[in-house]
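These notes concern the structure reproduced below.
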Amino acid sequence: MVFYFYPRGHKPNTEDFMIYMGKDKYENEDLIAHGLPCDLWFHVDDMSSAHVYLRLPDGCDVKDIPQDALEDCAQLVKQNSIQGCKTNNVTIVYTPWSNLKKTAGMDVGQVGFHDPSLVYKVKVDRRNNDIINRLEKTRQERYPDLAAEKEQYMSQVRQARRAEERAARASEKAAKEERKKQEDLKSYKHIMKDEFMVSNKDLHDKYKSVEELEEDFM
């Protein structure tokens, strides 16, 4: 089972920010395995806690997170830590899902990081009841097929990438044709220079002279 929440500023029926969280450490394993590239992972630093994820809309990255959404995630992960919920001045770490590292020797629900420089921190002084109560009112319990959802998402990503590649090739082809057209026009202009041009009068005079020359030899 996965719990879904909506942060402040969420627009209903849109592909907006969404928070989700596993029920337990075994559910967390599935979330680790089937997260999406647009997901951010949140956890209480140096304490046991739930794994909270923030799914970002298209075109958004970790630096674009609204402060309200960041605070909601931090409050939620603190609230779902046995030790953290009783402690003030708790540090929350967050990082892109793609930065999570899972090795064979790790315990269930345990993760490391590929690149520590991509791990960000935010401090939570104390529990904010208004935020927690509002988030709880948005909570939905679902039983998603995480693997199928990920495959669908990655399929859409591949289709979008292929469409971009086709558009790039078409643009390159059009640019190449335009360059050739301009080169052809330049060559045509070279041929049409004044010194290579012959007027109708010149042609008439030329052929008239030839006719007169022929008459002289007849």
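Glycine residues also receive a Cβ, built from the backbone N, Cα and C atoms like all the rest.
A TrEMBL annotation is a machine prediction, not a hand-curated record.
Feature annotations, reproduced from TrEMBL:
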type	residues	note
COMPBIAS	161-185	compositional bias 'Basic and acidic residues'
DOMAIN	1-115	domain 'NFACT RNA-binding'
REGION	159-185	region 'Disordered'
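Look at the region 'Disordered' (159-185): DSSP puts its residues at 27 helix, 0 strand, 0 coil. Averaged across the domain 'NFACT RNA-binding' (1-115), pLDDT for the predicted model comes to 92.
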